[in-house]
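Only one structure is covered here, and it is reproduced in the block below.
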Amino acid sequence: MAKQTRRVLFKISGEALSKDSSNRIDEMRLSRLVSELRAVRNNDIEIALVIGGGNILRGLAEQKELQINRVSADQMGMLATLINGMAVADALKAEDIPCLLTSTLSCPQLADLYTPQKSIEALDQGKILICTTGAGSPYLTTDTGAALRACELNVDVLIKATMHVDGVYDKDPRLFPDAVKYDFVSYKDFLSNQLGVMDASAISLCMDSHIPIRVFSFLQHSLEKALFDPTIGTLVSEDVNHVCSPRH
């Protein structure tokens, strides 16, 4: 039986905002994201959004190229997510879609400091919650930050939109043409087989809180379709029958 969905967290790659490997935020891609968030919200779904910063800067890559320490590199990556979040927030406001921009780092001139209580209030009020700066600590990925937010906000499902693959595979399909895609994989099998796409800490957090994850290609499908169509991407869960349905 389909589970009635009330609250969802979307994890979006920063690359979804840029075009042709550019670090420039693309107007059309930003407009598409806003349009798709509106479509999901029109189903009476509460939305939290965690956005990456890889289109602007990747912490580990910058650490190697610029010879800066890991902590500084990761903090630079966190700030990149804030830049993307500011762009999304302004684009939503321009369309009269209420939102709250939050940061785990204190920067009151730019965003509200993230707290679960304030964030849940915003969701209850119908605002789209934008969570930036990842987990707020170095050495932790934005995927882990998204999983933390999903647990704190008690979401019904975490949807990860990727730009490179259309689900979870037994090995990297970009390197191995014979890679096999999973329609469903349990949390434990994901961890024991060391599958890619999301890091183990993010999977473990969702497993402990019984939050299903759907991984799909943002290049191929919409957020709304990924949320409600069980044939899209890969479901990572303890229950193969977990299907989301709109609220009525």
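Backbone N, Cα and C define each Cβ position, glycine as well.
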Out of Asp26, Asp74, Asp112, Asp166, which is the one Swiss-Prot records at the UMP site of Gly53, Ala135, Gly136, Ser137, Pro138, Tyr139, Leu140, Thr141, Thr142? Asp74
Would you list, in sequence order, the binding-site residues among Lys11, Ser13, Thr162, Asp172 whose CA lies within 10 Å of the CA of Gly53 (UMP binding site)? Ser13
Where's the emptiest Cβ shell within 10 Å among the binding-site residues Ser13, Ser137? Ser137
Of the binding-site residues listed as Lys11, Ser13, Gly54, Thr162, Asp172, the one whose CA lies nearest the CA of Tyr139 (UMP binding site): Gly54
